[in-house]
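K.L.:
Okay, here's the structure, questions in a sec.
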Amino acid sequence: MATPGLRDIPLLPGSPRRLSPRAVVRGDQGPKHEQQYLKVPGPRAQGLRGTSTRESGQPSGGGSSHSCSVINNYLDASEQVSSEARLSRMHFHDNQRKVDYVLAYHYRKRGAHPGHALAVISNGETGKDPRAGAPGDIDLGPLDALEEERKELREEFEHNLMEAGLELEKDLESKSQGSVFVRIHAPWQVLAREAEFLKIKVPTKKMYEIKSEGSIAKTFNKVLQKLSSPLKPRVPEHTHSRMKNLSYPFSREKMYLYNIQDKDTFFDNATRSRIVHEILKRTTCSRANNTMGINSLIASNVYEAAYPLHDGEYDSPGDDMNDRKLLYQEWARYGVFYKFQPIDLIRKYFGEKIGLYFAWLGLYTSFLIPSSVIGVIVFLYGCATIEEDIPSKEMCDQQNAFTMCPLCDKSCDYWNLSSACGTARASHLFDNPATVFFSIFMALWATMFLENWKRLQMRLGYFWDLTGIDEEEEHSRPEYETKVREKMLKESDKSVVQKLGTSTTEGEDEDDDDKLTWRDRFPGYLMNFASILFMIALTFSIVFGVIVYRITTAAALSLNKATRSNVRVTVTATAVIINLVVILILDEIYGAVAKWLTKIEVPKTEQTFEERLILKAFLLKFVNAYSPIFYVAFFKGRFVGRPGSYIYVFDGYRMEECAPGGCLMELCVQLSIIMLGKQLIQNNIFEIGVPKLKKLFRKLKDETEPGEADSAHSKHPEQWDLDYSLEPYTGLTPEYMEMIIQFGFVTLFVASFPLAPVFALLNNVIEVRLDAKKFVTELRRPDAVRTKDIGIWFDILSGIGKFSVISNAFVIAVTSDFIPRLVYQYSYSHNGTLHGFVNHTLSFFNVSQLKEGTQPENSQFDQEVQFCRFKDYREPPWAPNPYEFSKQYWSVLSARLAFVIIFQNLVMFLSVLVDWMIPDIPTDISDQIKREKSLFVDFFLKAEHEKLRLMEERPRRSPGAGRRSRGSPTASPAPSGRSQLGSSLSSGSQHTNV
């Protein structure tokens, strides 16, 4: 069966054979066919010029009213892998037109004979196989209804793309099943039109020297550049260049401003693909109820994928170099971990959005270096002063013989405090006065990091010409369009029913019909609210379940004499591992749930969808990652009760207590294992192992499917085949989320784990190269997105930085013994030292007052026990109010609250002071922006005067031709290039306006 809609295209033999050096070719299976070409009329779009005949290889016919283009070219397999055809891996098969974008889809047919053919569709309608109807012709086979509908949608969409001026090349569907790639090329006139529409900034002819700094700063920069030269990647850098082009939004009426030497290379590959992607997003399809954009068609499985091509292979042999290969050699390998990132090249290849992410990640990693150094110093200070710590010495002194109350009912015996000597000494490594200083430093560090990022962002925005750009127009998402269409259908049904005798204000109805109101979204909002509450409750329930596990396991292990001595270590280690496994599992679940909940809301644009998804995912993952840590830091041991009046979770199982040295050591263990385990497992398994398994599975699937690829393509695949086998790009949200959670580990509880920045730094050194390798080698090339900042992520970072001040204040005041030691030293100590501090923190309890059935059974304690000790500030049994809170308790509590208030206000004040002292915009960048504006005004006026002078001189040289030349497109010679004819429209409008 022939392709529908292609029967009326005449076959014109004798066309010139420019696309192939051979006149006679052989198909995969079949007789020889003489190579022939089909000619079709040019595009029927209003206001658009067709493809130039020079560009398509056709002679300029003087008597034809249509510009004709080659649309069919048949090549055999051997010719496609020849040395000449190898040049076309990034081009159409004419080796001239560059492939700017690729659409891919899969088809299935019945009764098709194997064969190979290529259809070059260039600004015309889809070509018919010239061999149709001949002996041995290709039977395309019947299609089912769904496949037929998809085919018609593709034909209409591709026709609309050609109406918009794009040029297409695709393979004919000559097998029973397979993948078809539609290659898209944007000619100059389309690039110029869309660049003007999108207000893309391009360099002008004017270059100026960037103003250098003062003599001291200049000398310092020179020394710094020499010292850091071994760390620089060997790529062309533009950020630190002394010269810079003035940039101005592209305009076809001001072509004389730009230095257009070659129209094929004036717009780089990322810009070309961005322009094509914009056309793909706004092209409609009437058969699909005017569905707008390629995203809607991909969602409907009309197409499988749409992506721009990579710049060749990254591991190709030979000396030929492209940007992808350069990025791989100088950035995306673990062997160059010590080098700086080539941010300008990353931005050029992937676009501004991804460039800003890697710039942010690089700055964050570099800022971890000073915090790591200070953290190591604080840890070494704890190691150096551990022998001088008086409380740990008293606790380890066996002569003191503090007899402690049992840790559980019946099975637990009395015990000596000296048996917890190791825990007490280890706690001093992190619970010392230096941690208070480190907490203040890290709060200021977070502020300085954010301020420096704002400065770097402005600096990059200046060099990348992002200053003053407008937000790009966002197209509606396919799901939003579907919901609006359903709403309009319901409204139309209601209006038909109520049509008789009704007259309503149509303007308001139209406004309500073409958008979703809060009433339409209310069920989605209600589901979001209920689901998020359920997920948070689920997380808290799991934390409570782990608490129950700790309590029951501790009680069970205490029954056995062999395991009784290691109860606390065993319970803590196993509980932390359980928490880690649960966090990793729930992370994946919550990511999928957040995406589902965001889809229910039906946001209108992709940006709104992404922001709402980020907020939900961050909220759920924040609660999931930090709930066990918050429990240990602020709740464990606070609701235990006292001997004789314990608080029980279940019958016989009472709430767990902190270790004798406090909960800070356990908080450190919990934080370190969760942080390190999360980083190691997610990096090694989820980011490395899972993509490799997916790639292997896809490769095996392609090999087992019949008819998927012929031998020639499998041996020498085209670039679009190679890119199609890569993983699709899904956004930067997972990368940002991983780093944001790590930023929380580094800042929120740094008082309990000063080595957190060190482990974060080691992880990030690997993470930068891991992400780089993933983007360069494992993912399809993302669409270049132009943006000025990192968006909502900066607000999340700022919120974490402010919340870290409060959390660290409470960790120091509540979890550590810093405040009780200060109160004792300056209020209760006889000699101003910490001698007697341990005895001061322990209260007495009369063991005869233990409840019946809770006394230790078969006590093996060496001596008769009359009083046991427990850690709390309570009155002794012989006091008038036994076991009530003592005045020391209230003194310590008031001191803790006072410290929280003072610490929070002091750090907040210092943060505001740092924010005020560091301007958001660097002074030199601010001056350069002002200077650039004045330089551009001078350049613009000078160029206008020069243009007017040339136009006034031409009528004098050729009298009588002034009027004709002024309206002619050839009055001002266009820049050289093979698409010169395509720019005649812009040149003509330029002269008319002047």
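In case you wondered, yes, glycine gets a Cβ from its N, Cα and C as well.
The compositional bias 'Low complexity' annotation in TrEMBL covers 10-22, 958-994. Positions annotated as domain 'Anoctamin dimerisation' by TrEMBL: 92-343. Annotation source TrEMBL lists domain 'Anoctamin transmembrane' at 346-932. Marked as region 'Disordered' by TrEMBL: 1-69, 492-513, 951-994. Annotation source TrEMBL lists transmembrane segment at 357-381, 434-450, 525-549, 569-593, 613-634, 739-762, 897-918.
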K.L.:
Which value does the mean pLDDT take for the domain 'Anoctamin dimerisation' (92-343) in this predicted structure?
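P.N.:
Here the predicted model's pLDDT, averaged over the domain 'Anoctamin dimerisation' (92-343), is 77.
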K.L.:
Which sequence positions outside the transmembrane segment (613-634), separated from its termini by at least 6 residues, show Cβ-Cβ distances below 8 Å to it?
P.N.:
528, 532, 535-536, 539-540, 543, 546-547, 576, 579, 583, 586-587, 590-591, 593-595, 597-598, 663, 666-667, 670-671, 674, 678, 733, 736-737, 740-741, 744, 748-749, 752, 792-793, 796, 807, 810-811, 814-815
K.L.:
In the same chain, which residue numbers or ranges, 6 or more beyond the ends of the transmembrane segment (739-762), come under 8 angstroms Cβ to Cβ?
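P.N.:
Hits for the transmembrane segment (739-762): 361, 364-365, 368-369, 371-372, 374-376, 378-379, 430, 434-436, 438-439, 442-443, 446, 618, 621-622, 625-626, 629, 633, 664, 667-668, 671-672, 674-676, 678-679, 793, 796-797, 800-801, 803-804, 807-808, 811-812, 815-816.
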K.L.:
Please give the sequence-distant neighbours of the transmembrane segment (525-549): residues at least 6 beyond its ends with Cβ less than 8 Å from one of its Cβ atoms.
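P.N.:
Distal contacts: 518, 575, 578-579, 582, 586, 590, 593, 597, 600-601, 616, 619-620, 623-624, 627-628, 631, 649-650, 653, 656.
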K.L.:
Sequence-remote contacts (6 or more beyond its ends) of the transmembrane segment (897-918), Cβ cut-off under 8 Å?
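P.N.:
Hits for the transmembrane segment (897-918): 439-440, 443-444, 446-448, 451-452, 455, 801-802, 805-806, 808-810, 812-813, 819.
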K.L.:
Who are the long-range neighbours of the transmembrane segment (357-381) in its own chain, taking Cβ under 8 Å and residues 6 or more past its ends?
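P.N.:
Counting only partners 6 or more residues beyond its ends, the transmembrane segment (357-381) has Cβ contacts under 8 Å with 340-341, 343, 346, 429-430, 432, 434-435, 437-438, 441-442, 445, 448-449, 452-453, 456-457, 460, 732, 735-736, 739, 743, 746, 750, 754-758, 760-761, 764-765, 767-768, 771-772, 790.
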K.L.:
If we skip the immediate neighbours and take only residues 6+ beyond the ends of the transmembrane segment (434-450), which ones have a Cβ under 8 Å from one of its Cβ atoms?
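P.N.:
Non-local partners: 363-364, 367, 370-371, 374-375, 377-378, 381-382, 746-747, 750-752, 754, 757, 794, 797-798, 800-801, 804-805, 808-809, 811-812, 816, 818, 903, 906-907, 910-911, 914-915, 918.
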